[in-house]
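First up is the structure itself, then whatever we jot down about it.
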């Protein structure tokens, strides 16, 4: 970089020896006649202006004597004194406050529309004065073709039949038993051309012509499902020699932003992650040359360049610049809609200078009111402009904007391109004539082929040479798009002596190759780009703009901000957990919880399991929150703002105190009120166990969200995973009842370790050390007998093994979460190949669900055994009884003050109907430990309160619940609105 900037420095120094301060000093001879007579007491006294300039020179001299690092951090800020004079104060650009930034922007951009071009020219003049060359990038594409495979016709529709057939064909195609019916769809056909720096290029073409794919290909972001051939180079360099995502900025037509962040915060985060590129090296070389040449820089320009050249700042002055430039665009937008609103805004702008109009307003989303659609579009553009990119590809940036606002945006881009030698291609659908005239070059695409590429002024000449003429009152942009259309082409045929015939896109492309501009372009492409002319700072060869630690800090600060903005969600979760803990402590009330006997273990098992599933389910909100964040993450990941680990680690770290608070709240409210083991050590050990379970649950749901990537797929995967984890967790199905070929599932179930940890902690306490009197269980104490009966571990050290396993699962799921975010891409919008992949996943789930539904469940103590029989009735009774155990307590065991909830719960009625309809009328005898034998029907009636004759009421209750929920749903969508302003 230094050697490149030093090129031709000698000639620049010799021609540039002048000082800003020396030529600006006023002598007595230049003093006006009025000033002489107004200071008769001392005619030879120096003017106040000269004193101010002397003071300014002294301050500059002090700055110049500082070491290089300190000198690049000090600047001069102009301000008006109380007496009306203008003074300068020395400031630290690394610690600029809001007021300092406001003063700087006031000085350089008083009126954004008029002063922006002058400001950019002042920046360029400073570098030209000392002979520093601005990096330029020329983009070439030769014989570029893009194609993909897709279903066509009715097979491309996402119907159930098509999805099923696509899945079957895909599976058979993998093993080469069935040929694929997908057809090759060519998007771009052998296109070649050059996008030159310092010239703004307009990409025109009808919808479906391949504009988006063309821009993505030039930016190096083509969909991985597409096949790309040909050659794309930046200054003669292939994509493998640098990072195109950092060298260029691709601005999508989709506006993806975090709705909880303000416009300023969004721009600050983007600028912080993108870094400053080579601005700091440029500023250091610039300062060195100016010092050698004796040149005093413009203090306003110097301060701005220094403030925007420092990497890692939480807030950037460049953000204020983008917001200031957007000021006039905002006024124009509103003036075209509401005149009275424009007057109000203009008055407000005079007070706030435009920075607070939309800068500190939340971006908003579907449920949160924020900025308008036009402002989001400008934010999408500005998000990439704050970075150091030198090439810009903008896709349909005018969507949702009126023609006047589009004109202002393009005008600003034109100023930046011509002044700073940027390379820019903008795709617009129907630009207005005044917007069209701002462009230098045009690329006209049709059916994946380039019809014309060259100067804007020569476009009409080319089509006239083919036989088509644009009417006088017709917009050129509209003519160019209609002349390549089969429906509108004929009206522009002007050769009266020749019969009209339709000219296709391929014929237009052939005509262009033989046209003079096309021939010149071909000749230029034949000569390879001289790589030795490439500026050292033109191409970015560093993957990320800032260091790993700064990336982590930036993402950590953003995650903390989002957590504060979503504080209502965490308050709701805490309130929900508090309510559930109150319910738990009143159901499993300490006075009703006897201990020390085998028959007392069932209720404690229920209380422990209820605690476990509440803490685990409380982490399921992580799935929805992660899904909402993924679109923005994928956009920023592909733009190389930050890697997946920088996004994931702050979430993991900041969820640790959340887990501790929620787990601690549950334990504090329920532990002693339920009547668990009273020792303090047991209290903290259960807290540690539930904390580990909560951390595991959060990481599991995050991983599922990254794997599913959409709300529907992730919810399906989450439900399936929960069912699998619950079944193999050791409570619904005891370890000894799991088939040997499925025992591996028991050991990989995270809930098994959580269930064992809290059960061991409770039942190995001294109060459960009474001798075991049940000869069927060979354990010395009641506590160990209760553990052994459920197939759980009976040794104290297994508690710590389970805690280690839970923390290990948390680490594993977080690593898998990072891996999924790193290697997986979002699902496509409407591509059949993507839908086919989804259906393959769905087709693999059903057999697993069927297998899980047919698993035989059992319970050790509360389930009676059929006398001398291996009848399947035992399995049915055990299955349904264990479903009741999920409901924790039988009707007779529920405190009387909560039984109203039992009868008001749809789940209770469903379990009642399932059990009674299956075995409610059976008269087979069952063996009840410690009691006389009784029939199944009598057991259900006396123990569970289930009566076979009550089935009619159960059916009526279900119909009533359906009607009730239908009414609530209809009322909700009609009367409730949860959008916030």
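Cβ atoms here come from the backbone N, Cα and C positions, even for glycine.
On a predicted model such as this, the values are computed, not experimentally measured, just so you know.
The region 'Disordered' annotation in TrEMBL covers 1-30. Per TrEMBL, the feature compositional bias 'Low complexity' maps to 11-27. Feature annotation from TrEMBL assigns domain 'ABC transporter' to 172-472. Residues annotated as transmembrane segment in TrEMBL: 568-589, 604-628, 649-674, 686-705, 712-734, 797-824, 874-898, 950-973.
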The transmembrane segment (712-734) vs the transmembrane segment (686-705): 3 or more CB pairs under 8 Å: yes
Close approaches to the transmembrane segment (950-973) from elsewhere in its chain (Cβ under 8 angstroms; 6 or more beyond its ends): 906, 909-910, 912-913, 916-917, 920
Leading stretch by Cβ pairs under 8 Å, where the reference is the transmembrane segment (797-824) and the options are 568-589, 604-628, 686-705: 686-705
Confidence summary for the domain 'ABC transporter' (172-472), mean pLDDT rounded: 79
